[in-house]
Amino acid sequence: MRLVLLGAPGSGKGTQAARLKEYLDVPHISTGDLLRAEVAAGSPLGLQAKEVMARGDLVSDEILLGMLKDRFSRDDTRGGFILDGYPRNLAQAAALDQLLAELRQPFDYAVQLTVDNEQIIERLAGRAKAEGRADDSPESVRHRLNVYDQQTAPVIDFYRQHGQLTVVDGVGTLDAVFTRIVEAIAPEKQVG
Ligand code: AP5
């Protein structure tokens, strides 16, 4: 299974990807996690990305594509993957298409988790308190949602127009959302 998980910040991509990874037995590739690991390691790339991420802006397409190519060069992606956090603009969508075509691994599903902004703000305020993620401050969350509307929403429209989009309601318990995703992508597999 080759899956691209889309949705606004806080829509539950990371949470559901962690479960889907176990269920589908494929690696979870989160560009946010890859970038946070670079920041934590204090690498040159991490130093470049740190402020941009804290503001809630997008890190450069060039850096992201390099990171992604590197990650996809590992053998564990041969049997499938869950990609979370990429693509975030139309240029990244085109780059992903090209990369997956070169690897002969086109994605099976692009799944968008939908959650209204009010609930997203509430979720991320809770995480800011619990985990203190630098980009979960109210200002950064507002900015991330604007960036999503301006830059990432066109990717959703693009996939929809090309019949490549599966929309899943991301509101409800973690189990309920998980079941909806599985029913959308692998209805022949029973959850439980
Ligand atoms: P990234 O890490 O991808 O952040 P994001 O998209 O903003 O996603 P989040 O991790 O905030 O949300 P999520 O949808 O994964 O939800 P989660 O499961 O965590 O990117 C961070 C930054 O890195 C970007 O802003 C950018 O700077 C940079 N970056 C990354 N990719 C890039 C790219 N491709 N190009 C350029 N820059 C890039 O859940 C959120 C919270 O809600 C959690 O507390 C969770 O417990 C809770 N929750 C989850 N599901 C539910 C539910 N059903 N009910 C109630 N609470 C729930």
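Using N, Cα and C of the backbone, Cβ positions are placed for all residues, glycine too.
The region 'NMP' annotation in TrEMBL falls on one of the ranges 30-59, 150-179, namely 30-59. ATP is bound by Gly10, Ser11, Gly12, Lys13, Gly14, Thr15, Gly172 in TrEMBL, and the record lists one more residue there from Arg71, Arg74, Arg127, which is Arg127. Per TrEMBL, AMP is bound by Thr31, Arg36, Asp57, Leu58, Val59, Gly85, Tyr86, Pro87, Arg88, Gln92, Arg144; the candidate from Arg19, Arg133 named for the same site is Arg133. Ser11 (ATP binding site) and Tyr86 (AMP binding site) have their C-alpha atoms 14 Å apart, to the nearest angstrom.
The two recorded residues, Lys13 (ATP binding site) and Tyr86 (AMP binding site), have Cα atoms 11 Å apart. Taking the C-alpha positions, the distance from Gly12 (ATP binding site) to Arg88 (AMP binding site) comes to 16 Å. Neighbour counts of Cβ atoms within 10 Å were compared across the binding-site residues Lys13, Arg88, Arg127; the minimum falls on Arg127. If you measure from the Cα atom of Gly14 (ATP binding site) to that of Thr31 (AMP binding site), you get 10 Å. The two recorded residues Thr15 (ATP binding site) and Tyr86 (AMP binding site) have their Cα atoms spaced 16 Å from each other.
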